[in-house]
Amino acid sequence: SRRHKLYREELNLTSPAAPLPLRPEASWLQFHLGISRDGLYPRSSPAVTRLLRDMQQFPTISADYSQDEKALLGACDCSQVVKPSGVHLKLVLRFQDFGKAMFKPMRQKREEETPEDFFYFVDFQRHNAEIAAFHLDRILDFRRVPPTVGRLINVTKDILEVTKNEVLQSVFFVSPASNVCFFAKCPYMCKTEYAVCGNPHLLEGSLSAFLPSLNLAPRLSIPNPWIRSYSFDGKEEWEVNPLYCNTVREIYPYSNSNRLLNIVDMAIFDFLIGNMDRHHYEMFTKFGDDGFLLHLDNARGFGRHSHDEISILAPLSQCCMIKRTTLLRLQLLAEPEYRLSDVMRESLLQDPLAPVLTEPHLLALDRRLQLILEAVGKCIDTFGEATVVANDTAQPQSPGADRAKLDT
């Protein structure tokens, strides 16, 4: 700490000015006001466009560890979740107008795939997966992923110079290659080999907009009925019992609401991005049992384009139910004119860090979409369309209208 203090004094680092008063037209506030029971934002939302631009351009006024990292500094029940050794790192960056975003730095190059021997619960978190998940969620018309944008962060000016957290200050160092680096401070072997480094100061990362605070918009965190075993050899009931959904249907709130249909939506989304780590989901309490599920923490998606993890589709294949609007949207995205990979490719070009996904990951989306439609087809052949396809009122919008809406 003493050495770091002298380092700051030597460089004459100064704190930025205090944040400006909140303006009613601030993009963060307008985003929060636009949340409804239909989604986190309307289909056409100028506030989201401004929010993405502001997260990408506004200077940071403070930086700190997230609450998750702070909790890990205290205690961790590792019998429930096996934590890797310091490979996770996310920071809360604050901007003017009380804006706040979650920063996840680049951990893995775009062309690298998750090794076959990695368990899903020790996989890297990928910044580009967070960005791509937001775009895909919007194309699917779910609108359940918070607005997310890529940004080149200056780790010295945007983090070190503005943080008041002495623990965060203490983990910065200069590498032998003269790059500024920092690493996660946690009780598991957090060493410099797990650090992230600028080049020499600039570092890619994703910025995801914070939702309203819990005291303004309370949320519930609920275990996913299709949660996976977080041990090296365990199995959950759904993994060995093909009739598991019959049990879930008898349990509140899955017995008398649209919750199961929303679970199926989430499973379809996770299958497309290859995310096996959906152990919980969150909901706003204001919208009741039928409210939408928030699709948060998608950084473990897009790890392996060469593998399709069919087990992620268990809620769809075991329950054999899907919303009509979801099915119509998927069928449309399978048409040559609106091919999912093409719409995603064009949408992701709007991000400052484009190209966000490699071509094999984009093509994997088309392949996985066909597998989803095949699974729905098998269900319809077995139980009939009237039983499998649930009518919901909203009509899906052509995904072509989503192209070029993500200006940043």
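Glycine is no exception: its Cβ is also placed from the backbone N, Cα and C atoms.
Quick look at what TrEMBL lists:
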- Asp277: active site (ACT_SITE)
- Lys104, Ser208, Ala209, Phe210, Leu211, Glu282, Asp297: ATP binding site (BINDING)
- Asp297: Mn(2+) binding site (BINDING)
- 172-388: domain 'FAM20 C-terminal' (DOMAIN)
## Note on the structure
By Cα geometry, the one of the binding-site residues (Ser208, Ala209, Phe210, Leu211, Asp297) nearest Asp277 (active site) is Asp297
### Message
Quick check on the binding-site residues Ala209, Leu211: which one has the highest count of other Cβ atoms within 10 Å of its Cβ?
### Response
Ala209
### Message
Can you tell me how many other Cβ atoms are located within 10 Å of the Cβ belonging to Asp297 (ATP binding site)?
### Response
23
### Query
Which has the fewest other CB atoms in a 10 Å radius around its CB: Asp277, Glu282, the listed recorded positions?
Glu282
### Task
Provide the number of Cβ atoms within 10 Å of the Cβ of Lys104 (ATP binding site), excluding the reference atom itself.
26
### Task
Please list residues from the chain of Phe210 (ATP binding site) whose Cβ is under 8 angstroms from its Cβ, counting only those at least six apart in sequence.
Trp28, Val92, Lys100, Ala101, Met102, Pro146
### Query
Can you name the residues of this chain that are 6 or more positions from Ser208 (ATP binding site) yet have a C-beta less than 8 Å from its C-beta?
Ala101, Met102, Lys104, Glu130, Phe134, Pro146, Pro147, Thr148
